[in-house]
């Protein structure tokens, strides 16, 4: 998993440097400045005098000596515990020594730590009492400079106020950075062109490392000030797949760069000193990526997840990444939910809803009795109120789970100690029980619980993690009865995460952690209120003038944990269940169609042919074309046999074209105003046309004459639909009207009186409408860019979404009616979730898309320039551009098998297209 891979990457760097030393030996917020080869002189002046060869490391709050021999412990001397620092033998220091050590540095101190003796990771050993250590540098000429640096850092460490300490150390660091610059001899090629250079820090869990960032036309570089763990980090821009701006320490100064598509573990995480530097570097890389990689948003991933292209696990990874969660920042480590609630049964029954945790509630609300106590305290609490005194994700909780694989991180966080043995991560069941019953334990899980690496569950390093009250040593994590092994536990946890129950309810947990129930009234109603400091924007560090208060506030926030960045402000859509699309072959799915084992119905075969057709839609080829109108074509309708094609045009005519004879058979004009759309009624006996003269015309094919006129609007009728003897008409008079009635069957007979069943009112003119498959829902698009989804059974608005910055050109439901796609004059294709009204995907082209057809995953659109574009909505890209009309494509038709397409355009032509397999 993410952290484990990160740990292994760092171990590889350790092999590179051949050191036991790591930045985790430093205190939090401490910097490693420089190192010098040196000898530690033991028992100076006695018969037992000996020299221990090693490396002396100067850090902002300590001096660390790493012996070459791994049998010897690493020595760490906190500068605040130093009594005297100087050149050995100077100013009376060690006057009883007869001989002054050349190049010697003397440290007199009251406390020292011994670490990793025999290279064993264990709690630090502490020795107290006044002591003197002497270190002899190989280069004696450096002694004076090192002593001067140590004295300066010692003064900083001894300042009374923490804020003053931080300010002085920061000033020393910035002075060192200012005196150095990026070594351009490190460029991969002499032809590289420098774009920008600035100061920054490379962020890894719990520590940061200052240095210089440099970006050229081909590479991104980071050169650590101290040359640790290697002299240079280099990333080729061509390999970059994703970049994200990050909050670090609550400040917008971070930038994370990924060379992988789906990994949580980034290739470099940088923290800048100036926001402008961060933004400039981001802009340069983003501009480079525009030509190589499609940008992804939370909404785009939501569509992929709903349609089954992403698993629950993958989707949660992407949401965490977009919400500023990073495996490099333990205060913002990726958060995953507990999904199983049964850790006592011998078998895990994933078909039983009682097996699962209630995903609609935060962990703190799962126990009713505990929640009542918390709510009582909440009611009595002064503002700002919060329900939970601890968070569901914090550095301590992350390392609680990961101590067996990352013990040095735990020691770093807890000043060289492991936690009490009885408070360790000893048992899955115990941990879950404490999350349910504990007064202050509300933690969720981490991605490792759904990964494939069992390292964090097994004490493979044979760490001495202490002895519990019952006498047993802390060793491997105790698994629930239903898990036969750590591997089996992870596999069943993954199965539970991907189960139907979790798929149907995961959106409820997303609402709590990443969505609209994260903040405000909805959070209160969901019992999901944490301390104000954990939320983005909960405190403005720049407004705090007292440096002590600022440092204390930042420390408190980082240790307490942070709530993810809010990604959604409306209810999150459900996943489409119970069937999911194949991950290798996306296709549309009709939820109303059931499978019959061993049988293939006609509908199944038709669905297969549609899937095959849409997977090959890029192979669409022009078969023939005919210019049959004098103005733009506005509508196309085709008889069920496919032999007759009816078209309307702005030239005010309805035309009937024979596909077999390739001849125009009829031309009908109802008025001198443009016709806007047409459709064939069931039975292919009547063509219905809408007109800019405010009317809808019914034309009898058999009798060759107009048989009915519906005068139902006060302005042009822009689009019509028909289902089950009901006519739906959209108009520029700002209404959509629903009519009931059957047109007259014979000319000369009494004309039918259409009954107005409903009037759906809009604020501005309506340009397009479309019906869902069952005709229980209608979607409309207006000239001001609003898409409205209507419940036709009650004639009420379900959702109103301002989707576009200009006219909505076309709208349509997906075949399963789960989503609505809209195309606008602004060039955008937007997907809206029908259930929640959430905009879950948006793609942009350089020109308006006037009309389209789609299967829920792919789109065939007609553009303003006359091209046909094939869009991969799930992949977020345009797959193909097909040359078509010489003017805008204005209307499209596709047969049931999705193998034939007819388009009409402003060039007055209709074009016949066929798929060539």
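Start at 1 and count along the chain as shown; that gives each residue its number.
Yeah, the Cβs are placed from backbone N, Cα and C, and that goes for glycine too.
Here TrEMBL flags 189-286 as domain 'BEACH-type PH'.
Positions annotated as domain 'BEACH' by TrEMBL: 290-575.
According to TrEMBL, the region 'Disordered' annotation covers 578-605.
Residues or ranges marked as compositional bias 'Polar residues' by TrEMBL: 582-595.
The feature repeat 'WD' is assigned by TrEMBL to 710-740 (among others). Distant neighbours of the repeat 'WD' (710-740): 673, 676-679, 681, 688-698, 754-771, 775, 778, 780, 783, 790, 792, 795; these residues of the same chain sit at least 6 beyond its ends, with a Cβ under 8 Å from one of its Cβ atoms.
Taken from TrEMBL, the feature repeat 'WD' applies to 759-800 (among others). Taking the repeat 'WD' (759-800) as a whole, pLDDT averages 97 in the prediction.
Residues or ranges marked as repeat 'WD' in TrEMBL: 801-842 (among others).
According to TrEMBL, the repeat 'WD' annotation covers 882-917 (among others). Sequence-distant contacts of the repeat 'WD' (882-917) (same chain, at least 6 residues past either end, Cβ-Cβ under 8 Å): 606, 609-610, 612-614, 616-638, 642, 645, 647, 649, 651, 657, 659, 677, 848, 850-853, 855, 860-870.
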Secondary structure composition of the domain 'BEACH-type PH' (189-286) [DSSP: H/G/I, E/B, coil]: 15 helix, 51 strand, 32 coil
Counts by DSSP class (helix H/G/I, strand E/B, coil) across the repeat 'WD' (801-842): 0 helix, 24 strand, 18 coil
